[in-house]
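As recorded in TrEMBL:
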- 56-127: domain 'CP12' (DOMAIN)
- C71-C81: disulfide bond (DISULFID)
- C113-C122: disulfide bond (DISULFID)
Amino acid sequence: MTSLISLSNVKPNPTVSLNAREVRPAATSLYVGVKAMGGGGGGAKFKGTQMREKKLAEMIESKVVEATEACGGDNKDSDGCRVAWDEVEEISQAKAHLRQKLEREEDPLESFCQGHPYTDECLVNYD
């Protein structure tokens, strides 16, 4: 989703504090840090991260079932069994990493813009 904020009457001025910094030599764009505030109630503040956490939990459950099926009978020492449990471990680590990111209470857009300052989502264009 691309969103642009139009500030037609605002010109870049280093004396004006907009909580922003220029990221290009030309005065046509700004990087603006925006902190989205959640609605309280604890847990994830952003719908996308809630959906991602739910999807990872579902994937873990399905991969555990697959791993137990792959390791059934005499297949406990097979390569397929090891690979299946490695997949469970990787998805569990991804969920733990997501949980750590949520505990830092960062806006997902903020961390994205730190690594990709020139994308449309992170630029403010002047008309």
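Cβ atoms are placed via backbone N, Cα and C, with glycine included.
The Cβ of C81 (disulfide bond) has 17 neighbouring Cβ atoms from other residues within 10 Å, across all protein chains displayed. Here the disulfide-bonded residues are C71, C122, and the one ringed by the most other CB atoms within 10 angstroms is C122. Taking H, G and I as helix, E and B as strand and the rest as coil, DSSP gives the domain 'CP12' (56-127) the counts 51 helix, 3 strand, 18 coil.
Around the Cβ of C113 (disulfide bond), 20 further Cβ atoms fall within 10 Å across all displayed protein chains. Between the alpha carbons (Cα) of C81 (disulfide bond) and C113 (disulfide bond) lies a span of roughly 40 Å. You'll find the Cα of C122 (disulfide bond) roughly 47 Å from the Cα of C71 (disulfide bond). Across the fold, the C-alpha of C71 (disulfide bond) and the C-alpha of C113 (disulfide bond) stand 43 Å from each other.
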